[in-house]
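Since the structure comes first, as structure tokens, the remarks are kept for the end.
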Amino acid sequence: MLTIRRRHCTGGSSEKITCDVTPRDYNIPLRIGLLFVILVTSAIGVFVPILTTRFHLISQSNIIFVVLKQFGTGIVISTAFIHLFTHVELMFGNECLGELAYEGTTAAIFMAGLFLSFSVDYLGARFVQWRRNKRFGSNLETSIANGDDKTVDSPSSTTPNNEFLRSHELPHAHGPMHAPTPMEEKIHVMNLEAGIIFHSVLIGITLVVSGDSFFITLFIVILFHQMFEGIALGTSIAELPKAAASTLQKLIMAGIFALITPIGMAIGIGLLNQLNGNNPSTIVAIGTLDALSAGILAWVGILEMLARDWMHGKLLNAGMVRTVCAMLALISGLVLMSVFGKWA
């Protein structure tokens with residue numbers, strides 16, 4: 001199991017440092033049974049927002065959906081900084097790893113994840129713009145060949161997206177925000193899911209290889225963690241327009257999330273009594289993935305969820321009741337995941 005100088009998973013308990021594999025008697029039937037509990041809980045969290053909006057039980061403008069979405073935003077942001085970034089700092093302080101030559105290693109990898117997420121969004125937006133301009137050029141050539149005297153409007157003036165943008169411009173000091181196309185919205189959600197999936201596998205492995213003395217405590221924390229992250233991802237997937245993702249595609253995206261932590265747990269069960277969490281290579285590999293995930297989730301949570309909804313979205317001009325409810329939900333998500341960060 002992973003034994004570090006400050007036992008993050010147990011809230012600071014101390015024990016003798018050892019860099020070797022520690023033989024333990026694991027309750028394997030219990031771990032297999034709770035694997036399915038994690039599966040069901042993750043599925044409930046991620047599928048409920050999608051199915052309730054698909055069957056019109058709750059509309060996306062309903063205050064319940066808004067509250068769930070803002071709660072999920074808080075969960076994502078807190079996961080990035082409290083659960084992942086802080087955990088990597090603790091891992092890289094492991095005495096078995098030795099002193100790192102560069103003290104800013106965690107922050108550097110975090111920035112790499114953030115830049116990776118930005119690059120995916122930017123290149124996706126450039127691709128969408130290129131395809132739109134190419135379509136416009138093709139229409140213009142066809143119009144000229146047919147001798148059509150009507151002026152073909154440029155994509156910057158007549159596309160549905162720009163008509164939507166002009167009719168929804170907000171009185172913001174930084175100007176109106178670009179209205180994302182369905183493809184761009186899908187890329188944003190895929191970015192979010194990628195960040196969640198990276199660390200969800202590691203969560204499953206970490207849970208299973210933890211000792212029986214604090215396995216149940218860690219399981220309860222991760223159970224809530226999975227449900228809350230499922231809500232965050234599910235509300236984002238549910239908001240995707242039909243042009244971006246069909247109902248089947250949305251369900252597949254949700255299903256991947258529901259399965260990923262149980263898959264990590266299954267891997268962990270197969271590695272029991274073999275995985276040495278204090279092996280330097282293991283520490284570096286897990287720490288790097290966690291730090292990359294933190295950067296990705298920080299970008300998605302702050303820019304694509306928090307800023308878009310509050311600075312450029314409907315919450316900018318929302319009524320007092322809706323604004324207060326959304327803010328309380330956001331703070332609740334931040335606080336709850338920060339509290340859970342004491343154990344996981």
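Don't overthink the numbers, they just go from 1 along the chain as shown.
Any Cβ shown, glycine's included, is placed from N, Cα and C.
Look at TrEMBL and you will find 32-51 (among others) tagged as transmembrane segment.
Residues or ranges marked as transmembrane segment by TrEMBL: 63-85 (among others).
Annotated transmembrane segment per TrEMBL: 105-125 (among others), in sequence order.
If you look up TrEMBL, you'll see 251-271 (among others) marked as transmembrane segment.
With a cut-off of 8 Å between Cβ atoms, the residues of this chain six or more beyond the transmembrane segment (283-307) that come close are 2, 69, 72-73, 76-77, 79-81, 84-85, 87-88, 91-92, 94, 96-97, 106, 109-118, 121, 188, 191-192, 194-196, 198-199, 202, 236, 277, 330. Look at TrEMBL and you will find 283-307 (among others) tagged as transmembrane segment.
Per TrEMBL, transmembrane segment is recorded for 319-340 (among others).
Put simply, of 105-125, 251-271, 319-340, the stretch with the most CB pairs closer than 8 A to the transmembrane segment (63-85) is 319-340. Tallying C-beta pairs under 8 angstroms between the transmembrane segment (251-271) and each of 32-51, 105-125, 319-340 places 32-51 first. Sequence-distant neighbours of the transmembrane segment (32-51) (same chain, 6+ residues past either end, Cβ-Cβ under 8 Å): 57, 65, 68, 204, 219, 222-223, 226-231, 233-235, 237-238, 250-251, 254-255, 257-259, 261-262, 265-266, 269.
Residues 63, 66-68, 70-79, 82-83, 221, 224-225, 228, 232, 306, 309 of the same chain sit 6 or more residues outside the transmembrane segment (319-340) yet have a Cβ under 8 Å from a Cβ within it.
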